[in-house]
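Chemist: Pulled the feature table from Swiss-Prot, pasting it below:
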type	residues	note
COILED	30-66	coiled coil
COMPBIAS	103-118	compositional bias 'Basic and acidic residues'
REGION	97-118	region 'Disordered'
TOPO_DOM	1-6	topological domain 'Cytoplasmic'
TOPO_DOM	25-118	topological domain 'Periplasmic'
TRANSMEM	7-24	transmembrane segment
Amino acid sequence: MRNWRWLLLVLAALLSWLQHRFWFGPGNSGEVRMLQVQIVQQHQENERLRQRNASLAAEVKNLKDGDAAIEERARSELGMIKPGEIFYRVVEDIPTPLPNDTSADHGVDLAQPRREKR
């Protein structure tokens, strides 16, 4: 009977030590949960980067194979035009104030640039 008590005491001590390691020791349950969240976030980041790499690879292939992509980039980013082409710039007119516009009542001329006082 006395041996059973010692065995029970040793098993209870072992169980409490294992529980302590599970909850508070290295590799505890909170740390495992945190690592699982980081794994999910890393998978999402990897997928986003895969899509970006695919997009960049398609753009590189397009630039290597087709002149249209190079021409489009030269026009939009560098403002270049082809020889013999005429470039027209469309400038929007400044809207004229309507009769019921409140700025016209205060003598504000929208066509003239505003001068700041010094």
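Just so you know, the numbers here start at 1 and follow the chain as drawn.
Just so it is clear, glycine is given a Cβ too, placed from its N, Cα and C backbone atoms.
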Chemist: On the DSSP side of things, how many residues of the topological domain 'Cytoplasmic' (1-6) fall into helix, strand and coil, could you say?
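Modeler: Split into helix, strand and coil, the topological domain 'Cytoplasmic' (1-6) gives 5 helix, 0 strand, 1 coil.
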Chemist: Restricting to the topological domain 'Cytoplasmic' (1-6), report the mean pLDDT as a whole number.
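Modeler: PLDDT averaged over the stretch: 81.
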